[in-house]
Amino acid sequence: MQFSSRRKKFTTNSQTELYSHPLLFYVQPPLENISLMEFETFAVERLKLLKTIENLGVSYVKVSDQYIKKLEAESKALNFLYRPEADDRKPQSGPTEQEKRRKDHISHFILRLAYCQTEDLRRWFIQQEVDLFRYRFNALYPKQKLEFLHRNNLQYDTISVEEKKALHDKLVNSSYAVSGITVEDQDFYKVPFQDALDLVRSRKVYLKAGYVYIPHQEIVTIVLNDFRTRLSKALALTARSLPAVHSDERLQPLLNHLSHAYVGQDYSIQKNVGKISLEQIDSLSGKSFPLCMRQVHQSLRENHHLRHGGRMQYGLFLKGIGLSLEQALQFWRSEFIKGKVDADKFDKAYAYSVRHMFGKEGKRTDYTPYSCMKVILSNAPSQGDHHGCPFRHSDPELLKQKLQVYKVSPSGIIQILELVKGMHYQLACQKYFELTHNVEEASFSLNHPNQYFIESQKVLGGGRDIKRETDAPQKPQENSTKAPIAAPEAAANTQDVAEMTEELDSFFQDA
Ligand code: SF4
């Protein structure tokens with residue numbers, strides 16, 4: 001793998017020079033060759049780190065000790081930088097500081113490629129990267145901070161000694177953590193107030209005639225603004241080069257997979273095949289289905305039909321929770337024939353696609369239930385559709401009404417809507433889980449509708465709700481005669497999943 005497009009421009013900087021400081025501003029793209037395996041491992045691990053950052057940002061104050069400790073622990077576990085060490089002595093185990101810096105550099109640029117594709121992806125990526133950058137900048141020693149500013153030409157204007165003297169009292173009274181003694185000893189930066197809105201909002205700085213006077217220790221705010229602006233522009237530029245990247249058949253599926261990535265269990269492996277009876281689905285949908293599946297189930301029951309997006313999302317989810325092929329055929333047939341589709345039409349137009357979903361037609365591949373990222377980020381529902389994620393795709397007022405119907409308390413609804421407003425859709429869903437299952441803090445980080453179901457079953461009695469179907473004769477199950485298809489290796493999986501999903505989509509199109 002080669003990051004070669006701007007190679008000529010940057011050949012003057014050697015890798016050693018580039019990684020001589022613990023913090024990068026990600027100005028230069030990586031120039032070396034790396035293997036596809038490394039490409040994917042680095043990207044997935046950074047994604048895990050960014051997801052942790054998102055979760056922590058909602059649960060803790062971003063500069064609090066707890067936040068820093070947890071982020072430090074996760075960074076350490078994933079072999080990312082977590083302490084700005086000054087030297088590069090070979091540790092007893094694990095990668096050196098240089099190796100961690102290299103991984104940080106490369107993984108950032110890979111995720112740029114994956115997360116520049118849509119406005120939603122860009123916004124999410126920038127937010128998490130900014131939080132990561134804040135944590136790392138704050139962890140630098142003062143000398144390293146200055147060094148970082150100089151290396152990156154971040155030379156903000158400081159005020160003169162005379163101006164400092166003239167404003168002495170105002171600076172002391174208005175600046176957070178500045179005393180009369182320290183004013184003389186430190187630099188104050190004069191920047192347009194719109195570049196330091198956080199500081200203005202929290203009344204931490206002196207504001208005069210459209211400018212704020214920022215003491216040196218608060219400089220992180222303007223560095224972050226700069227970082228955010230540059231990253232936003234860089235993502236827009238990267239998006240323009242996407243057609244070239246997409247023409248690379250090795251990269252395109254990897255990047256698509258990463259942008260919809262969910263880094264957890266593979267729910268295509270069915271552990272409970274046949275352990276759910278069709279009669280249980282209504283009750284399970286109220287107790288253990290996440291909102292996305294609950295709403296799609298309700299609409300299927302009401303309209304006796306679901307359009308393509310709904311059938312894909314819900315069909316794979318049901319398969320993931322344990323419906324066998326025979327049950328799935330029976331389920332869809334019995335519901336559709338209550339509407340405008342007769343049995344004959346169902347068998348001709350829909351049965352094939354259900355069998356296909358179970359790997360019994362076409363390429364005979366097993367299909368993976370959709371992760372939250374996939375539901376949230378791809379194929380947004382339009383008029384008449386019922387799929388999607390209600391936390392992402394429903395109007396807030398409509399979501400509020402739904403939550404009221406589902407008996408979520410008014411204070412719970414406020415908390416959920418706050419999370420939705422901050423675009424933390426999975427965390428909003430997790431809050432919904434906590435409120436509807438009466439648990440104070442969920443012990444998992446939600447990534448997948450099938451994970452929601454399993455966790456719900458655990459809380460509601462260790463899966464006791466799922467019983468073997470006894471009232472209907474069990475037909476032999478095609479799946480049960482074979483071992484379930486093992487989770488493929490991640491690298492191979494990406495391409496397969498992209499191809500499979502595309503192929504399956506075409507089978508599910510409405511005639
Ligand atoms: S966050 Fe995930 S599980 Fe929850 S409603 Fe949205 S897609 Fe479904």
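Including glycine, each Cβ sits where the backbone N, Cα and C put it.
Long-range C-beta contacts of Cys389 ([4Fe-4S] cluster binding site), restricted to its own chain and to partners at least six residues apart, with a cutoff below 8 Å, comprise Leu291, Cys292, Cys372, Val375, Ile376, Tyr425, Cys429. Sequence annotations record features per position, and here TrEMBL assigns [4Fe-4S] cluster binding site to Cys292, Cys372, Cys389, Cys429.
The compositional bias 'Low complexity' annotation in TrEMBL covers 483-492.
Taken from TrEMBL, the feature domain 'DNA primase large subunit C-terminal' applies to 283-453. Over the domain 'DNA primase large subunit C-terminal' (283-453) the predicted model carries a mean pLDDT of 91.
Sequence annotations record features per position, and here TrEMBL assigns region 'Disordered' to 466-496.
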Using all protein chains in view, find how many other C-beta atoms are within 10 Å of the C-beta of Cys292 ([4Fe-4S] cluster binding site). 27
Applying the rule Cβ within 8 Å of the centroid of the Cβ atoms of Cys292, Cys372, Cys389, Cys429, what extra residues of the same chain belong around the [4Fe-4S] cluster site? Pro290, Leu291, Val375, Ile376, Pro390, Phe391, Arg392, Tyr425, Gln426, Leu446, Pro449, Tyr452
Ranked by the number of other Cβ atoms within 10 Å of their own Cβ, which of the binding-site residues Cys372, Cys429 ranks first? Cys429
